[in-house]
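Working notes for the structure below.
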Amino acid sequence: MADGFPWLTAIILLPLVASAFIPLLPDKEGKLVRWYALGVGIADFVLMCYTFWHHYDTSSATFQLVEKYDWLPQIGFSWAVSVDGISMPLVLLAGFVTTLSMLAAWQVNLKPRLFYFLMLVLYSAQIGVFVAQDLLLFFIMWELELVPVYLLVSIWGGQKRRYAATKFLLYTAAASIFILIAGLAMALYGDNTTFDIVELGAKNYPLALELLLYAGLLIAFGVKLAIFPLHTWLPDAHGEASAPVSMILAGVLLKMGGYGLIRLNLELLPDAHIYFAPVLATLGVINIIYGGLNSFAQTHMKRRLAYSSVSHMGFVLLGIASFTDVGVSGAMLQMLSHGLIAAVLFFLAGVTYDRTHTMAMDNLGGIGQAMPKVFALFTAGTMASLALPGMSGFVSELKVFIGVTTSDIYSPTFCTVMVFLAAVGVILTPIYLLSMLRQVFYGTGAELSCNINNGAYQNQEDEGTACFGTDCLLPGEAVYRDASVREVFIAVSFLVLIIGVGVYPKIATQLYDVKTVAVNTQVRQSYTQIAQSNPQIYAKGFFTPQIVEPEVMAVSGVIK
């Protein structure tokens, strides 16, 4: 705890406590509540920036801003929160994306009080997941975010919104059981019953137990990260969710899966990671290629972007499995980069939908002439997504490629195959993204059409029209208006960071590199010990049997 003030607790509770006052606001039309929610979001993000600027040391790999209060001491459960190089950048990402998503939902007119209440609760839950140092608290926060997401999709979604929301809830809730089981198993193992992540990392688990725990956690986090074949909830959720909710789904919620893999699977179960790493690498290239091929087959704009996210998350898996400092760093940067890029693309897809009231790309075409600002911003976001040099996506994918190529644990043959297959996915990316640009913005096809009784807008027949942009008009008033000042501001806010990180990656990497090096050192140390005790454990020609002894020791991802 810095200076005796509970900074992280304040960051978590501010949106949650503020949401409780929304029913008391004298606001019938929802105009006051949107300013209130946006103000809370900005205040919390400013509080994050102030806290990390003044009280966080980027040169340290240890947990910082630690707060711990006994909650149920009989079972070792406490309110324990802290941040390190893995969690701190993701906390900032969550605050940035969620605040801008509330600004993106400026025109919501269907139950605005409930909408912004759920957004603020979701804000708190996301932060709680990333800062929880107690594994049971991590699980509670993980479950807490399910409720607002389910309601946000099922109430403000498209025609099949209830199906998509239920599918998301069932997938995530069922998978999260593995987090609870793994947490209980680790907490109850040995003489010391505790859920504290630092203390759990100090325990010496049998290899068989580690493998079981790793497999269970991989399923739980694989669902959230949209790893094939656990990804099928994602296209449905994105296809039916409103643009502001899709921004959070793609920008923050997917990253919870990657964060969980690094925090629990790598840090707490490094021995099991030695056995599962080639599985992660294989799943990574499957995600990259499968997501790219499926994305190209989609005619629904947001479903195409959803499968694009599946493809990009494959690079996170590949980097985590690389056993190299640069590879793990690339995985972290890919999560941050994709969070920004996916959020701006889903937002701009929503802006386009507000004008055309269709996501079917076959029904669009030529709207770039009528909406040049939207066209320019969408093009910039697309260039970032296909990893154009100068954009953040290029740096993150390049680091992952270098990490896999230079890995001294995998054989040259394995590295070559992985890099080649991943490169195929990289080639697919401009194909499906540039074709989307062509279908939507080029040509002369699209006729003015704004029929709320057709397509994805049919869902609002019985509940009124829910708008998420400035130009959501009735059929008789339909026009293609260009982006408003508010919409340009949101998109440019994302693009400035995307280009900034692409031009000078150290802006982001200096926040976490010390920590990722420590985590990778710990994993490589485990590999050395296992390879020395059982050199025949790896298939010949698939791995190299030995690596150089690490120069530093690491315990629970902290350099000793």
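Even glycines carry a Cβ here, placed using N, Cα and C.
The model shown is predicted, which means the values in this text are computed figures rather than measured ones.
The transmembrane segment annotation in Swiss-Prot covers 35-55 (among others). Within the chain, the transmembrane segment (35-55) has long-range Cβ neighbours (under 8 A, six or more residues past its boundaries) at 2-3, 7-8, 10-11, 14-15, 18-19, 21-22, 25, 64-65, 83, 88, 91-92, 95-96, 98-99, 102-103, 116, 119-120, 123.
The transmembrane segment feature in Swiss-Prot is assigned to 86-106 (among others); the stated evidence is sequence analysis.
Residues or ranges marked as transmembrane segment in Swiss-Prot: 114-134 (among others).
Look at Swiss-Prot and you will find 135-155 (among others) tagged as transmembrane segment, backed by sequence analysis.
As annotated by Swiss-Prot, transmembrane segment applies to 208-228 (among others). Here the transmembrane segment (208-228) has long-range neighbours at 171-172, 175-179, 181-182, 185-186, 189, 234, 253-254, 256-258, 260-261, 264-265, 269, 271-273, 275-276, 280, 283, 286-287, 290-291, 309-310, 313, 316-317, meaning same-chain residues at least 6 beyond its ends whose C-beta is under 8 angstroms from one of its own.
If you look at the transmembrane segment (242-262), the same-chain residues 6 or more away from its ends with a CB under 8 A from one of its CBs are 86-87, 90, 93-94, 97-98, 100-102, 104-105, 119, 122, 126, 129-130, 142, 145, 149, 152-153, 156-157, 179, 217-218, 220-227, 234, 302, 305-306, 309, 313, 316-317, 320, 328, 331-332, 335-336, 338-340, 342-343, 346-347, 349-351, 353, 466, 468-469, 519. Sequence annotations record features per position, and here Swiss-Prot assigns transmembrane segment to 242-262 (among others) based on sequence analysis.
Annotated transmembrane segment per Swiss-Prot: 273-293 (among others), in sequence order.
Positions annotated as transmembrane segment by Swiss-Prot: 310-330 (among others).
Listed by sequence, the residues of this chain that lie at least six past the ends of the transmembrane segment (331-351) yet keep a Cβ under 8 A from its Cβ atoms are 86, 89-90, 93, 97, 100-101, 104, 238, 242-244, 246-252, 254-255, 258-259, 262, 301-302, 305, 308-309, 312-313, 315-320, 322, 359, 374, 377-378, 381-382, 384-385, 391-393, 395-397, 399-400, 468-469, 483, 487, 490-491, 494-495, 497-498, 501, 505, 508-509, 512, 516. The transmembrane segment annotation in Swiss-Prot covers 331-351 (among others) and rests on sequence analysis.
Feature annotation from Swiss-Prot assigns transmembrane segment to 374-394 (among others).
Positions annotated as transmembrane segment by Swiss-Prot: 417-437 (among others).
For the transmembrane segment (488-508), the list of distant contacts is 89, 96, 100, 103-104, 333, 336-337, 340-341, 343-344, 347-348, 373, 377, 380-381, 384, 389-395: same-chain residues at least six beyond its ends, Cβ to Cβ under 8 Å. Annotation source Swiss-Prot lists transmembrane segment at 488-508 (among others), citing sequence analysis.
Contact count against the transmembrane segment (417-437) (Cβ pairs under 8 Å) is highest for 273-293, out of 114-134, 273-293, 310-330. Within the chain carrying the transmembrane segment (374-394), a Cβ under 8 angstroms from the stretch's Cβ atoms is held by residues 308, 312, 333-334, 336-338, 340-342, 344-345, 348, 351-352, 355, 367-368, 426, 429-430, 433-434, 436-437, 440-441, 482-483, 487-488, 491-492, 494-495, 497-499, 501-503, 505, 508, all 6 or more beyond its ends. Residues of the same chain lying 6 or more positions beyond the ends of the transmembrane segment (114-134) and with a Cβ under 8 Å from any Cβ of it are 8, 11-16, 18-19, 22-23, 33-34, 36-37, 40-41, 44, 63, 66, 68, 77-83, 87, 90-91, 94-95, 98, 101-102, 105, 108, 140-142, 144-145, 147-149, 151-152, 155-156, 195-198, 244, 248, 252-253, 256, 259.
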